[in-house]
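What TrEMBL says about this protein:
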TRANSMEM  154-176  transmembrane segment
TRANSMEM  196-215  transmembrane segment
TRANSMEM  236-256  transmembrane segment
TRANSMEM  262-280  transmembrane segment
TRANSMEM  322-341  transmembrane segment
TRANSMEM  353-374  transmembrane segment
TRANSMEM  386-406  transmembrane segment
TRANSMEM  412-433  transmembrane segment
TRANSMEM  440-466  transmembrane segment
Amino acid sequence: MRTEGFLKVIPSLSKTISCLEMNGFDHVDSQLDSTRSHSLNSLAVTTTTPRGTMFPESPASRKLPSTPWRNPRINKLKDTRFDSFKTWSGRLERQISVLRGKSREREQELISRPSTETETIPVDRYFDALEGPEWDTLRASEEIILPEDRKWPFLLRFPISSFGICLGVSSQAIMWKNLATSASTNFLHMSLKANLGLWGISAALMAIISVVYALKIIFYFEAIRREYYHPIRVNFFFAPWIALLFLALGVPASVTQNLHTSLWYILMAPIFCLELKIYGQWMSGGQRRLSKVANPSNHLSIVGNFGGSLLGESMGLTEGPIFFFAVGLAHYIVMFVTLYQRLPTNETLPKELHPVFFLFVAAPSVASMAWTTIQGSFDHGSRISYFVALFLYFSLAVRINFFRGFKFSLAWWAYTFPMTGAAIATISYSLVVTNLVTKCLAIILCALSRLTLTGLLVTTIIHAFVLRDLFPNGISIAISERPIPTRKWYLGRSGSSDAKHIDQYHKYVDYSQGKGIEASLTHPNSFN
């Protein structure tokens, strides 16, 4: 009788053992003999493994699961958090997995994974998710879709504003060409070799930056699209074409004497298409109306009009240059008034963005030279534009606080080509008003422009290759497509004083995984 009772207890005991979830239960002692192990497995076959057991595999396989050890460095290299910004992240990944012989379960997992293709983010999301005059600061209630705990891949961090470096160096080539060929500066005995050297450097920089950005288009097209729809960064899409215009204007005589007129049409076609879109949005009164997105970087589109007019007239064209000059002049007047008055709803630019104020000088300086080329002389129209640029230059130069108290960034390159444009316009003015004052003014402005460019080149090289902090993570393009839902907390009397801390807390709580307050007490980046 005792034997029969003991046999009845064994099946229930095996069921109890299979239902228990004990840490480390899946590791079987290697000293168990084959007979006892076989008996235990045969008892386990008679029971059904419940959901949530430590044995996810079928008992018939007689294989106990094991948790393989993974190297953290390998996991870091296989970080999939950037897949949503990759050009090929879905179908190509599945094909590579099949070619590598991945298991069927892994293939099904990749197929069932949500699509990484993202929708076009409307401009409203940028306004809702970001704050600040440049819309580059994430609001406390928002969450980015890319990791904040590590540096992003280089191509993903490479911004469109990098073409500002090409603008600065290529405009210097034009200045040194005018210094060597202008009659008012013959006493300096400048050589055209400086123009040739700077033009070669600017052409090389343009080629390198264009190749890097082309690679970004190939591998991270979603980042390009987000930069294009960003209300501020879209203005820098004019920069590559303006830099090419400056290269054409500053081409040394030893390279070529005459440029074919087809080059002008090739360079102005993308500028015209961009202006149709942006100027239309300014006028339509939507979310991208000028009063809402007004920023000194909007001057880049105006510089494109006046620079194209200058190049076209120097090539012998007439109607096209006048057309772009008229369009640029009309929009410059409206934009100048909008930026100058700074509506109460517009935020004051922080110190880090003070260099972009010098873009106010760029448009009237280039307009003065363009109108001089159209009219054939430095007449009253050219002088009006030049005097406006000169006054804006002096009004910014006397403000010492504009040049100190902020960290170096690519925004500092906004100093270069506006200062160079004012110097070139002064050289043209000294040809008409020939006296000691105009000649000294031209020399001083050229020297300041040269020193500024040299200092920025050295500083940029140090931050790019030594400190390696020239390209930080671009949080403004990593916002989510929709607002992250957060639970409302009762703030009590403390109200807004604790609101920021509460929103920061919500970033690290994962409610979708069923984690409560106890699970969120440790930071997700901490290691157990």
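Yeah, the Cβs are placed from backbone N, Cα and C, and that goes for glycine too.
The list of residues near the transmembrane segment (440-466) in space but at least 6 beyond its ends in sequence, with Cβ under 8 angstroms from a Cβ of it, reads 165, 168-169, 172, 175, 179, 184-185, 188, 408, 412-413, 415-416, 419-420, 422-423, 426-427, 429-430. Sequence-distant contacts of the transmembrane segment (386-406), counting only residues of its own chain at least 6 positions beyond either end whose CB sits under 8 Å from a CB of the stretch, comprise 350-352, 354, 357-358, 360-361, 363-365, 368, 378, 418-419, 421-422, 425-426, 428-429. Panel annotation: around the transmembrane segment (262-280), residues 234-235, 237-238, 241-242, 244-245, 248, 288, 301, 304-305, 308, 311-312, 315, 317, 320, 324, 327, 331 of the same chain, lying at least six beyond its termini, place a Cβ under 8 Å from a Cβ of the stretch.
Distant neighbours of the transmembrane segment (322-341): 268, 275, 279, 282, 290-291, 294-296, 298-299, 301-302, 304-306, 308-309, 312, 360, 363-364, 367, 370-371, 374; these residues of the same chain sit at least 6 beyond its ends, with a Cβ under 8 Å from one of its Cβ atoms.
Panel annotation: around the transmembrane segment (154-176), residues 82, 85, 146, 190, 194-195, 198-199, 201-202, 205-206, 209, 212-213, 215-216, 219-220, 223, 227, 233, 236-237, 239-240, 242-243, 246-247, 249-250, 252, 410-411, 413-417, 420-421, 423-424, 427, 446, 449-450, 453, 456-457, 460, 471-474 of the same chain, lying at least six beyond its termini, place a Cβ under 8 Å from a Cβ of the stretch. Here the transmembrane segment (412-433) has Cβ contacts under 8 Å with residues 164-165, 167-172, 174-175, 178-179, 182-185, 246, 296, 355-362, 365-366, 368-369, 372, 377-378, 382-383, 386, 389-390, 393, 439, 441-442, 445-446, 448-449, 452-453, 456, 459-460 of the same chain, all six or more residues outside its ends.
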